[in-house]
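What TrEMBL says about this protein:
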- 18-180: domain 'Histone acetyl transferase HAT1 N-terminal' (DOMAIN)
- 192: site 'Interaction with histone H4 N-terminus' (SITE)
- 269: active site, proton donor/acceptor (ACT_SITE)
- 279-330: domain 'Histone acetyltransferase type B catalytic subunit C-terminal' (DOMAIN)
């Protein structure tokens with residue numbers, strides 16, 4: 001018996017050595033200078049690889065697997081190579097290694113380099129790369145490391161820009177690694193708008209551009225002659241995250257649509273938590289100087305005037321305006337004052353309880369058909385206590401999110 005089990009585990013151990021975590025195996029780089037290729041500090045890894053390698057995020061059959069996906073910083077020309085120390089062998093191990101290459105080929109467009117020399121020679125042509133489309137906004141951010149201000153630009157592009165279609169195919173591959181439920185969009189649909197962020201940098205006395213991130217927005221038609229842009233995807237590439245580019249991009253996009261009389265307001269497709277925090281910050285920043293959000297008016301409660309003004313002037317929709325109101329009202333409220341804080345709490349909880357009440361009504365309807373009256377009352381009582389706890393929890397969570405937005409605002 002022992003012999004059998006130890007034999008099994010030896011085999012299992014051997015096979016386990018041939019499993020690699022794909023989030024670690026995939027090495028990404030945005031290359032500006034030939035020396036970046038050897039520089040470990042320029043490498044970054046995916047947050048997700050389950051859409052390509054399955055829920056376990058594992059590739060089987062290799063020891064020391066490295067999947068190199070290097071991109072030239074501006075036009076994103078790609079180097080794709082696979083390296084490993086050893087690979088399982090059909091003849092001896094009777095198992096087959098995963099076909100890693102074809103899995104990657106499914107998401108990266110053809111025309112990539114497979115050897116470093118070709119890639120480096122492409123790097124020399126990078127000086128010819130210019131951003132696509134129309135310049136909307138220029139801003140600069142002080143970089144501690146470089147000890148200087150770095151300039152960034154935001155452009156609006158579309159598929160009629162020469163070379164943009166191919167560039168976008170390379171750019172969207174990053175979504176797979178950094179957005180949990182990413183999907184590629186139908187670029188032949190002309191209702192897509194693309195907003196791109198670039199960094200300007202110097203190389204041998206010339207000015208070059210590096211890709212920082214982008215956003216796609218879909219223009220929904222609203223009867224009879226309006227549109228409602230909906231933010232679909234937004235990604236700031238990891239080397240640039242945490243520097244404030246997301247806020248710059250979102251604000252620029254809002255300002256772009258603000259100037260258009262046919263746009264109703266801007267929405268988003270199931271936004272991530274991080275996106276909601278970013279949006280809160282940007283919208284509060286845009287709204288804080290509107291007259292309808294003066295401290296006196298905030299204390300009188302949420303009003304139609306706020307909805308109208310935010311929509312007409314800033315293209316902000318009703319739900320988002322409500323959040324802006326709650327954040328600004330929190331800023332204007334002295335939470336140490338029992339009366340003020342009670343009034344704020346009630347106001348926010350009244351909004352939070354809406355969905356609960358609806359559910360409550362549906363449950364009550366169901367139960368009337370199913371159960372005698374006395375049971376219903378008891379159950380409602382249990383529900384109410386549970387509901388109070390959940391409500392209080394949601395409220396506390398919101399307030400702490402709102403405070404973070406206000407802190408960031410104070411620093412801006």
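Including glycine, each Cβ sits where the backbone N, Cα and C put it.
Highest local Cβ density among the recorded positions 192, 269 belongs to 192, counted as other Cβ atoms within 10 Å over all protein chains shown.
Helix, strand and coil counts from DSSP across the domain 'Histone acetyltransferase type B catalytic subunit C-terminal' (279-330) read 41 helix, 1 strand, 10 coil. Across the structure, residue 269 (active site, proton donor/acceptor) and residue 192 (site 'Interaction with histone H4 N-terminus') are spaced 14 Å apart at their Cα atoms.
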